[in-house]
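What TrEMBL records for this protein:
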type	residues	note
BINDING	Leu119, Gly123, His124, Leu125, Glu218, Ser327, Pro328, Phe329	(6S)-5,6,7,8-tetrahydrofolate binding site
DOMAIN	157-358	domain 'Serine hydroxymethyltransferase-like'
MOD_RES	Lys203	N6-(pyridoxal phosphate)lysine
SITE	His202	site 'Plays an important role in substrate specificity'
Amino acid sequence: MLMKSLADSDPQIAAAIDDELARQRQTIELIASENFTSPAVLEAVGTVLTNKYAEGYPSRRYYGGCEKVDVVENLARQRACELFGCKFANVQPHCGANANLAAYAALVEPGDTILGMSLDQGGHLTHGSPVNFSGKLYNFVPYGLNLETETIDYDELERMATIAHGVGARLMIDMAHIAGLVATGAHPSPFPHADVVTSTSHKTLRGPRGGFILTNDEELARAIDKAVFPGTQGGPLMHVIAGKAVAFGEALQPSFAEYIDNVVANAAALGEGLVQGGLRLVSGGTDNHLCLVDLTPADVTGKDAEHLLDAAGLTVNKNSIPGEPRSPFVTSGIRVGSAAGTTRGFTADEFREIGGLIARVVFNADDEGVLAAVRARVDELLEAHPLYPGL
Ligand SMILES: *Cc1c(COP(=O)(O)O)cnc(C)c1O
């Protein structure tokens, strides 16, 4: 077999990958759902495990030659259970959306009713959007926020959920964003309350792009395994499962708890900088890794802010705010998170400054001089914290 490097065999793709590495290095990544995996996770994902068909589960495969990948999947499952303090883990879902698809398939029948967070107040597409399988297959009933406190209206939720409990409802928690915080105890665990927990592995948990499902109930565990394969997926991505195992192993180390403590402290500092700069945080602050920012004081839309900040080297996403008057393509807010920047090494003081830089940009949308000054300062901050120096 010809062993040519990617740059030799496919210079177009190699160049695009190099360009993406450069882009990641040259911007302050504030998208709350993103992170930078360790080089060890990158290495595991880029291996020959991508070649292996392993439909089924360890020791119960539909293909020969699975002894080695069984070791990998068993370690991933054991580490996930240890990390989240539960009995059963399915690490095969290709992404968070697939984890939810399979979890619903294990818990309910098409047409059944699911109580879920309202999409315009924080719910995910897979929590009942009409353009998603969830909204087409199931009868989603939304719960929402108290628009004064901008936090979940627990009185209303209790009223609705009490009725659901009376008809034998079960509780599923989608912890996709906060999984890293749950892993270290920085956020309360969904167990023992939840019957089923779904998650991604690539947000605060800092693993490869993927999903997983957890439970303590043996019968549900069997239903979940069937719902993932053969219910909704084919062969598992064994190279990604290896990356998940590495990430779970990293998250079990004391250094990961330190990382998550910094993520939480840095999000608070980022929020302080934004507020000192004249912006408003939805719900008055943050308890986790992200802030939802109301741009109304700066009289700029989320869409325009996203573009302005991009030009200044600050990557964010526009986001609806509670009671949003604008369309989801325009919005009145942005969402910013500290998970990726903390991995890169930014300190709380630097995050506070970044909050101030964001405010300067959105309050001075027409001032080229301010934008250039912010870009220059962003470049200094980036240079002080090199990303993937070994690559
Ligand atoms: C990100 C996310 C998902 C979907 O994850 P993908 O890997 O993008 O499919 C599902 N639920 C929640 C709450 C999320 O934040």
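Easy rule for this one: first residue shown is 1, then count along the chain.
Positions of Cβ are set from backbone N, Cα and C atoms, glycine also.
A quick note: this is a predicted structure, and the numbers were derived from the prediction, not measured.
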Annotated binding-site residues Gly123, Leu125, Ser327, Phe329, filtered by Cβ under 6 Å to ligand 1: none
Neighbouring C-beta atoms (10 Å sphere around the C-beta of His124 ((6S)-5,6,7,8-tetrahydrofolate binding site)): 18
10 Å Cβ neighbour count around Phe329 ((6S)-5,6,7,8-tetrahydrofolate binding site)? 9
Densest Cβ environment (other Cβ within 10 Å) across the binding-site residues Gly123, Pro328 belongs to Gly123
For Ser327 ((6S)-5,6,7,8-tetrahydrofolate binding site), the number of other Cβ atoms found within 10 Å of its own Cβ: 10
Lys203 (N6-(pyridoxal phosphate)lysine) sits from Leu119 ((6S)-5,6,7,8-tetrahydrofolate binding site) (Cα to Cα, rounded, in Å) at a distance of 20
One should report the C-alpha separation between Ser327 ((6S)-5,6,7,8-tetrahydrofolate binding site) and His202 (site 'Plays an important role in substrate specificity'), rounded to whole angstrom, as 28
Please give the (6S)-5,6,7,8-tetrahydrofolate site's span as the largest CA-CA distance among Leu119, Gly123, His124, Leu125, Glu218, Ser327, Pro328, Phe329, to the nearest whole angstrom. 44
Looking only at Cβ atoms, how many others are within 10 Å of the one on Leu125 ((6S)-5,6,7,8-tetrahydrofolate binding site)? 15
For Glu218 ((6S)-5,6,7,8-tetrahydrofolate binding site), nearby residues of its own chain (Cβ under 8 Å, 6 or more apart in sequence): Lys87, Phe88
Nearest-integer angstrom distance between the alpha carbons (Cα) of Pro328 ((6S)-5,6,7,8-tetrahydrofolate binding site) and His202 (site 'Plays an important role in substrate specificity'): 24
